[in-house]
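Visitor: Questions regarding the structure given below will be posed in turn.
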C-alpha cells in the first residue's frame, strides 16, 4: 500500500492562508469568483478581458493581459491568486510608518492635508507619482469640500484594505 502524499505546497513555502484573516480570505474568494468569468477554477487572459469589460474598460491590450497573467508562476487558481496578493501586500509599510510620513506635512496634527499640497509633493519629490497615479488616488479618496485629503483614513485603507466603520 503506497503512502498517501500530502498536497504539494505552493511556491513560497509558508501557508498563504495564515497570512490573512478569515474575512479577508472570503473577500479574496469573492473577488476570485467574480474574475473567474468562465467558472473553471482558474483566471486566464479571457477571464481578465471579460472582467475589464464588465468594469467598462473595453480597450485592454493583449500585451497588458499577457503581462498580468505572466506575474503568476503558473495557472492562476485561488491559492496562487491569494499567494500573489500576499506577496504584493508583504512589502506594504505598517500603518504607523505611512501615518508618520503624512504627519510630516501636517505639523498641527489635524489629520488632513490640502490636496493640492500633497499632489505637489507627490509629483515633485523623490519617487515621483505620475499624474495618472494622482488621479487614481483622488478618485479613490476624493478631497472634502474644503480641498483636504483625510490621510488617516487613506492610511487605514492602504494597510487594511477597507474603510473604518
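The backbone N, Cα and C atoms fix where each Cβ goes, and this holds for glycine too.
Summarising the annotation, Swiss-Prot assigns Ca(2+) binding site to 36, 38, 40, 47. Look at Swiss-Prot and you will find 23-58 tagged as domain 'EF-hand 1', backed by sequence analysis. According to Swiss-Prot, the feature domain 'EF-hand 2' maps to 93-128, an assignment based on sequence analysis. Per Swiss-Prot, domain 'EF-hand 3' is recorded for 129-164. According to Swiss-Prot, the N,N,N-trimethylalanine annotation covers 2, on the basis of similarity to another entry.
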Visitor: So if I measure Cβ to Cβ from residue 38 (Ca(2+) binding site) and keep only same-chain residues at least 6 apart in sequence, which ones fall under 8 Å?
Guide: 46, 47, 50
Visitor: Of the residues in the domain 'EF-hand 3' (129-164), how many are helix, strand and coil by DSSP?
Guide: 20 helix, 3 strand, 13 coil
Visitor: Which residues, same chain and not among 36, 38, 40, 47, have a CB within 8 angstroms of the centroid of the CB atoms at the recorded Ca(2+) site?
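Guide: After dropping the recorded site residues, what remains is 35, 37, 39, 41, 42, 43, 44, 46.
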Visitor: Count the residues of the domain 'EF-hand 2' (93-128) that DSSP assigns to helix (H, G, I), to strand (E, B) and to coil, and report the three numbers in that order.
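Guide: For that range the per-state counts are 19 helix, 3 strand, 14 coil.
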Visitor: Would you mind ranking the binding-site residues 36, 40, 47 by how many other Cβ atoms sit within 10 Å of each Cβ and giving me the lowest?
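Guide: So among 36, 40, 47, the binding-site residues given, the one with the fewest Cβ atoms within 10 Å is 40.
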Visitor: Give the residue counts of the domain 'EF-hand 1' (23-58) per reduced DSSP state, in the order helix, strand, coil.
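Guide: Per DSSP, the residues of the domain 'EF-hand 1' (23-58) fall into 23 helix, 1 strand, 12 coil.
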